[in-house]
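J.: The structure's right below; bear with me while I get my questions together.
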Amino acid sequence: MRWTVLTLICCSWTCAVQDPLRQMLSVRTQLRASNRLEDFMRDHQPDVFNRRYAQCYPPGIPSLRLGKSSERLYNFMDAQYYGLISLGTPKQNFTVVFDTGSSDLWVPSSYCVSEACGMHRKFKAFESSTFTHDGRMFGIHYGKGHMLGIMGREVLKIGPLTVKNQEFGESVYEPGFVFVMAKFDGVLGLGYPSLAEELGTPVFDSIMNQKSVDQPIFSFYLSKSKMPMDPGGELLLGGMDEALYSGPINWNPVTLKSYWQIKMSSIQVQGALTFCPRGCQAIIDTGTSLIIGPTRDILALQQLIGATPTSIGEYLIDCARISSLPQVTIMLNGVEYVLTAESYVKRELMGDHEICFSGFQGEDLPSSTDPLWILGDVFLSDYYSIYDRGQDRVGFAKARHTRYATLDAEMDR
């Protein structure tokens, strides 16, 4: 038997809040299961949307200018983990991706006219006694997902934690097809304030300013379990959960306070090639499931792990060969983080047939200094991650994936 609870851990007048995460089918998985992925990828290449719909947006929104899709890093087609928040009085519930790769909070508006909003819960400002209209407009471009909206202020609740007067966006136009199929309603960004597209204070900055947590940190545990009744993971605001990791925490200083960006010393395929031997930059992103790197490096890496390309840019791996594939080692601040093929190969069922895909993806991301990589859920499901705003650093420890199984056994006794 499973009990899913929100736990409030208090210390003096401040608290740490545990919010369970749920694991969902990604948009990519849903499209593949319905035999629509190839058509979608063909029709939604970078900038196709902007050229078609740019005239629909008011002038002067820089995030929607042509070419911006190559500058925005995050694409929620592969997002898998989400959690619950509420806005307003009385509260209105929404599911959101807790995303370290962005800094904005938005949910669909009741005034939204797009198909995507019709598929999700919508915020009804007129039903809340605590809503304050802002009047400003905003636009956000999320790779292949786009939106236009208006700003407001409201009471936000994450579990038992209350954030007063939080600035957020109400999307009124979401033409991107990604959000039609997405299982989540909106996004809650946990990046630095400089990353925000909206004008205002990001949620975790509001939490710190209102002294709602004991420490200016938050941490993520992403479960590997595929069982439908198991929690997808946990977001802990204001602390770290020692039951969810083992061994020491190894810290990495943030090199650019925008994304959670750190120095990566190298990435090596066992007994073969070393990538970025002179060092790279890595963004730690809970909003994507993949590890993304420079196209040339990823192409060589795919060959080393025996992955073969498809017509839509994915890489297939023979499921029967997983046990013989090499380890991939990521070096961060002098510490080796080893990924086995069980971690970097993604498995999906199509009917009674299992298909295996590489968890690596090539994309040449803009960077003014070192080559840029993104470490998503392929990495973060193996390693518990801690984000420290007080000391501007990210910590990693080996995730402990036996806790929930142990709890189930205890409850069944």
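Heads up, the Cβ atoms here are built off N, Cα and C, so glycines get one too.
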J.: Which cysteine out of Cys56, Cys117 is the one TrEMBL pairs with Cys112 in a disulfide?
T.: Cys117
J.: Pick from Cys280, Cys319: which cysteine does TrEMBL list as forming a disulfide with Cys276?
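T.: Candidates were Cys280, Cys319; TrEMBL matches Cys276 with Cys280.
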J.: Please tell me which one of the recorded positions listed here (Cys112, Cys276, Cys280, Asp285, Cys319) sits closest to Asp99 (active site), measuring Cα to Cα?
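T.: Given the candidates Cys112, Cys276, Cys280, Asp285, Cys319, the nearest one is Asp285.
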J.: Considering Cα atoms only, can you say which of Cys112, Cys117, Cys319, Cys356 is the nearest neighbour of Cys280 (disulfide bond) among these disulfide-bonded residues?
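T.: Comparing Cα positions, the candidate nearest Cys280 (disulfide bond) turns out to be Cys356.
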J.: If you count the C-beta atoms lying within 10 Å of each candidate's C-beta, which of the disulfide-bonded residues Cys117, Cys356 ends up with the smallest number?
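T.: Looking at the disulfide-bonded residues Cys117, Cys356, the Cβ with the fewest others within 10 Å is that of Cys356.
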J.: Which has the fewest other Cβ atoms within 10 Å: Cys280, Cys319, the disulfide-bonded residues listed?
T.: Cys319
J.: Any idea what the model's mean pLDDT is for the domain 'Peptidase A1' (81-397)?
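T.: Mean pLDDT, the domain 'Peptidase A1' (81-397): 90.
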